[in-house]
Amino acid sequence: MSQKCSVPNCTNPITSLLSCPKCIALGLPATFFCSQSCFKENYKEHASIHKMVKKMMEQRNIADSGTACKITAENSLKLSLPDWARDGQYRFTGDLRPCMQSPRRIVKAGIVKPDYAQHPNGVSFSEQSDRASNTSIRIYNETELEGIRHACRMGREVLDEGSKALRVGVTTDEIDRVVHEACMERDCYPSPLNYYNFPKSVCTSVNEVICHGIPDYREVEDGDIVNIDVTTYTGGYHGDLNETFLVGKKCDDDSKRLVRTAYNCLKSALDMVEPGTLYRDLGTSIHKTAVKQNCSVVKTYCGHGIGELFHTSPNIPHYHKNKAKGKMKVGHVFTVEPMINLGVSKDCTWDDRWTAVTIDGKRSAQFEHTVVVTENGLEVMTARDDLGGGERPVAVMPEWNEETFQR
C-alpha cells in the first residue's frame, strides 16, 4: 500500500518529503503531507499532538527508563509514559514499557458502524442483550455465511497489509495507521476501535504481551515477536484473525519454538473441527500440543462465537479439563485463538486495563482463525490467500513454515 497523507481522511498519495518540522523538533516520528496547502489547512488539528507532548513533558520527570523503551534525555519526549506508569513504582513483569499514543483515528463518513462505536463507554448493548437472553449457539444460513466470508476476507487483506509494514524500527502506531487506512479503503469498520473504549484500530502484542496490546510510539526491535490482531466489520458482520511474527535476525530459539508451538496449537484444534465434536475437546488437543514443547496455555481468554456480534456463544477455552458446553453443528461460526506462553500460564493486566501480560515476564504468542463448521469438517474463513493456489474454501491449515512469519 502506498503511503498516504498524514491528514485523517485525506487519500492523496505523498509525492514529496514534505514533513512537519515541529514533529521532527519534538522527536516525534515524521509525519508527511501531500501538499503545502493540505498541511496549512489542517495544521491546527495536527498541532494538537505538539501541545499534548509539551504538556506531558512539563508534568513529568521519568525515573524508570525500561530497557525496551530506550528512554533517554534525548528521546523521552516521544516515549513519555502514561500517568499510571510515570512515577517508577509500577511493577512491570518484563522489559516492555508503554509509550505515548497518537490521537484516536477518524472513521470516514459512510462506514457502517457497530452499536458500540459511538457509545461514550464503548458498550455493546446488542452483546449484552444476547448474553442475557440467548443460551443457544446460532446456526447461520448460507446467505448470512456469505456476509461473514466477506468480512473475513477483508480482515485477511487488512492483516496482510499490516504485516507487510512490520519491520525493525517501525512503531506499532504505524501498524495501527496502516491497518486503519486499509479498513477505510475497504469500507470496513475496525472492530476493536472504541470497543469498551479500546483506543486503537488493531491490537499489537509484543513479547510478553499476551493480547490486547495498545499500539504506541515504541519502535519494534530486532528480536521482538509481534502479534497483530485484526477484526473488521462490514455488511453487518465481523471477521477476526491474528498472527504472530518474528522480527529481524535476532529472535532466539525459544522465541521461534514458542511461535511455532502457538501455530501448531491452533492447527491441532482446527484439525478436530467437524459436526459432533465437543467444544471442550479443543482445549485438550491444544494443551497436549503445548506441553510437548514445554509451553503453557493461557486460561483467562477464550475463543468465541462471532458474526453479527463481535463476541457471542460459544465460549471456547483453550486449556484441558475445561467445562465448555455444546457440540459443533453445521453453520456454527467461531474463533479459535490459543495464547501460548514460554513460562507459566498465569497473566495480569497493566493499569491501562487492556494490556494482558505474562506474570513472569516471559514471552507469549498467539494465532487465530474464524471458522465455520461444514458437513465435511470446516472452512477456515480467514485463511491466507497465498495458500492452496488461492482456492477457497480452505479446509485445513498448512504445516508450519517459519519463513511465512519472518519479518
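Keep in mind that glycine also has a Cβ here, set from the backbone N, Cα and C atoms.
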>> Among ASP222, ASP240, ASP360, which residue shares the Zn(2+) 3 site with ASP229, GLU368 according to TrEMBL?
In response: ASP240
> Of GLU219, GLU274, GLU337, which one shares the Zn(2+) 4 site with ASP240, HIS304, GLU368 in TrEMBL?
Replying inline: GLU337
> Cα-Cα separation of HIS212 (protein binding site) and ASP229 (Zn(2+) 3 binding site), in Å?
Replying inline: 8
> Of the binding-site residues HIS304, HIS311, GLU337, which sits closest to ASP229 (Zn(2+) 3 binding site) by Cα distance?
Replying inline: GLU337
>> I need the nearest neighbour of GLU368 (Zn(2+) 3 binding site) among the binding-site residues HIS304, HIS311, GLU337, using C-alpha distances.
In response: GLU337
> In the same chain, outside ASP229, ASP240, GLU368, whose C-beta lies within 8 angstroms of the Cβ mean position for the Zn(2+) 3 site?
Replying inline: CYS203, VAL230, THR231, LEU241, ASN242, THR335, GLU337, THR370
> Over all shown protein chains, what is the count of other CB atoms within 10 A of the CB belonging to GLU337 (Zn(2+) 4 binding site)?
Replying inline: 25
> Which site among ASP229, ASP240, GLU368 has the most other CB atoms no more than 10 Å from its CB, taking these as binding-site residues?
Replying inline: ASP240
